[in-house]
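Participant: Heads up, here are the entries from TrEMBL:
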- 20-40: transmembrane segment (TRANSMEM)
- 33-281: domain 'G-protein coupled receptors family 1 profile' (DOMAIN)
- 92-113: transmembrane segment (TRANSMEM)
- 133-153: transmembrane segment (TRANSMEM)
- 173-196: transmembrane segment (TRANSMEM)
- 216-239: transmembrane segment (TRANSMEM)
- 259-284: transmembrane segment (TRANSMEM)
Amino acid sequence: MSSTITAIRNILVFIKNYNLYSSIVMLTIGIIGNVLNIVMFTSSKPFRGNLFSFYFTIESIVNTNIIVLNLLSQLVPITDTYSIWCRLRTMLGQIFLPFSLVLICFAAIDQFFSTSPIPYLRRRSSQKTSQIYAGVACCLWILHSIPAGIFTHSFLGVTCYSVNAVYASYQLYFYYPVILASLPMSVSSLFALLAYRNVRHIVRRQVPLVRRRLDYQMTALAFVRVILFIISYLPYISFYIYWSATPLDRTNYVQMMTLFAVGTVIYSILLLNHAMTFYVFLLVSARFRRQVKNLFVKRLWRRCKQLYKRKLHNEIHPLREISAENVTDNE
């Protein structure tokens, strides 16, 4: 009995320490990467006004919320079985996670439309419709999260789980394997491949060279973004499929806590999808690296230097005027 208690205590310590330190690391690299993404897609001239940039700017904001929520989940304790914070964080997670994946799908679909040789499909890609789609998707996921807030309770103050059998079955057999896995993976992969096929034949169309290069780059970034999503989410989804297919004895606390420890490590891999986008774009796209250098080194850095020199000039110039007046008076 004492060995069981010791094992549970050791697993609890591992889960809490790993969660805390991994969350801090993810917060650091994620905040930096997502902020740089937002600045790039909103300030860089080639991306400005592009629908791909619109989707990835919103996704970077959502990803930042996911990473901050993950850290808060480690810092704010679950005080009791019916903890309001346990329910709130579960609801926010069920809003941000699927909404982020929907934005990846929207970006891949829009890239397919904008590069299509069919004029009707190209006209389907517009700023107004994209804003409507993003707004509707956000509202749907907010409504979808309400049952999570109703049926969620705490387990040993470590994690949150559903106490309703029907809703738990929905999560295990539909939400995790379909909404968070097979559906967005299939849709985003399909349209990313179709967009890639379109840009391979875009040379046959009379498209300006600048637009053609931008379409090549956007399609490559969308394709890489989908690959990052699949790689980071597959372990998480596989774990939950295993969880749903394996009969578990909830009175066996050592087994349950071991599974929670494995799930904690796998969830940190999932968070790479929401923290590493900017760095993956830098790694795979030489053009994106040049654009980042042009924006941050040449434009923003020079502007900061000019502001600094202007500030020094404004501080020194009045002193010169005063000294000149004093010289005149003495004469």
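Residue positions begin at 1 at the first shown residue.
Cβ atoms are placed via backbone N, Cα and C, with glycine included.
Remember, predicted model here, so these are calculated numbers, not experimental data.
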Participant: Take a look at 133-153, 173-196, 216-239, 259-284 and tell me which one has the most Cβ pairs under 8 Å to the transmembrane segment (92-113).
Facilitator: 173-196
Participant: Go through 20-40, 133-153, 173-196, 259-284 and flag the stretch with the largest number of C-beta pairs under 8 Å relative to the transmembrane segment (216-239).
Facilitator: 259-284
Participant: On the 0 to 100 pLDDT scale, where does the domain 'G-protein coupled receptors family 1 profile' (33-281) sit on average?
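Facilitator: On average, pLDDT over the domain 'G-protein coupled receptors family 1 profile' (33-281) sits at 84.
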